[in-house]
Amino acid sequence: MAVANLTSEQAVLNEVARQDRNRRAIRIWLGCVLLALFALVLVGGATRLTESGLSITQWQPIHGVIPPLNAQEWQEEFDLYKRIPQFQLLNKDMTVDEFKGIFWWEWAHRFLARAMGVIFGVPLLFFVLTGRVERKLWLPLGGIFLLGGLQGAIGWWMVSSGLQARTDVSQYRLATHLVTACLIFASCMWFMRALSPHSNEPAPTRYSAKLAGLIAFMSLFQIYLGALVAGLDAGMSYNTWPLMDGAVVPGGLFVQSPGWINFFENPKMVQYVHRLGAYALFAVVAVNMIISLRAAAETTHARRSVVLFVLVLIQAILGITTLLLQVPLHLALTHQAGALIVFGFAIANWRGFYGEYPRQTVIAVRD
């Protein structure tokens, strides 16, 4: 009987070790996905800031992987661009060589987006077929893959808004595209953190997890507002801080009718709300840090609250500097990168309060 018990216990240990190896492999894979998503979002930001997003006027998911390879193909691509309002109203003097500059940004963004399907889908299929993914993860991970496919359609829906009557894309569709990318990013971060070892330390207060969730949602809302700012070029509305052209509440916030539309289409109002959102997020993160340090200063949870505060502080400094310098490309992209880092850490911090993802039990030890 002792030998049987020893054998059963060893089998359990072997199974736990196998699950540990599998979870580590999945964490590494999701980490690579997160890095690729991070790069994709930044290239997308550069595409918007350089006004390159309308340079490719067709959606060809397969054939579009291959860029123009000779002078004739470049001219054909340029001729397609000449048909849209952006060229006719803003870029009538553009040459083929200048067109190549904006084309490559949009092509790179689409190429990375297609590559994401391979980076996510192929390893997922391998992990499922070889039994490395626990069954209860099949549905959520498959859902992330499908959301990635939907994101491709949303991207074209966004681009198509600027091909007929506009010289740029709709800020509503731009915000939808960016928020969807962030939801994919958050989902990957959530499950990577869930499959990681967790501290057994109790939360500093009974409200800590809810506060962490609030911070994550506020971070996402700030990214949404930032997309509206980018879509409307609202960063150029006021380039002073802390006042907005000498006023705490500037004029011109409600010049459109109906009044609610100013929150989405008035560049001055959109920048104003983005500032207020930043102040609110900073305040909540600061309060969260103070509460955590007072309640349980030596815990991992408290240390995470300090890191989160520092990240938000850096992001605030980046945002102010970007504003004061009138939105230079390198600072605007750094600010966007900072937003994604803050959001990603906020998601990881939130998930850290719920412990490691329950393990799949397949072996029982008998007395």
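Residue 1 is the first one shown; counting continues down the chain.
Every residue gets a Cβ built from N, Cα and C, even glycine.
As annotated by Swiss-Prot, heme binding site applies to His274, His335. Around His335 (heme binding site), the same-chain residues at least 6 positions away in sequence with a Cβ under 8 Å from its Cβ are Gly226, Gln315, Leu318, Gly319, Thr322. Under DSSP, His335 (heme binding site) is assigned to a helix (H, G or I) in the three-state scheme.
Under 8 Å from some Cβ of the transmembrane segment (25-45) lie the Cβ atoms of residues 105, 108-109, 112-113, 115-116, 119-120, 123, 127, 132-133, 137, 177-178, 181-182, 184-185, 188-189, 191-192, 195-196, 230, 332-333, 336-337, 340, 344, all in the same chain and six or more residues away from its ends. Look at Swiss-Prot and you will find 25-45 (among others) tagged as transmembrane segment.
The transmembrane segment annotation in Swiss-Prot covers 111-131 (among others), and the record cites sequence analysis as its basis.
The transmembrane segment annotation in Swiss-Prot covers 137-157 (among others), and the record cites sequence analysis as its basis.
According to Swiss-Prot, the feature transmembrane segment maps to 174-194 (among others).
The transmembrane segment annotation in Swiss-Prot covers 211-231 (among others) and is backed by sequence analysis.
Residues annotated as transmembrane segment in Swiss-Prot: 276-296 (among others).
The annotation transmembrane segment is assigned in Swiss-Prot to 305-325 (among others) on the grounds of sequence analysis. Long-range contacts of the transmembrane segment (305-325) within the same chain, counting only residues at least 6 positions beyond its ends with a Cβ under 8 Å from a Cβ of the stretch, are 215, 235, 238-241, 278, 281-282, 285-286, 288-289, 292-293, 331-332, 334-335, 338-339, 341-342, 345-346, 349.
Residues annotated as transmembrane segment in Swiss-Prot, with sequence analysis given as evidence: 327-347 (among others).
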Most Cβ pairs under 8 Å with the transmembrane segment (137-157), selected from 111-131, 174-194, 211-231, 276-296, 327-347: 174-194
Sequence-distant neighbours of His274 (heme binding site) in its chain (C-beta under 8 A, six or more apart): Gln222, Leu225, Gly226, Leu228, Val229, Ala234
Spatial neighbours of the transmembrane segment (276-296) far in sequence, C-beta under 8 Å, 6+ residues away: 201-202, 204-205, 208, 211-212, 214-215, 218-219, 221-222, 225, 302, 305-306, 308-309, 312-313, 316, 319
Top Cβ-contact partner of the transmembrane segment (174-194) among 111-131, 211-231, 327-347 (pairs under 8 Å): 211-231
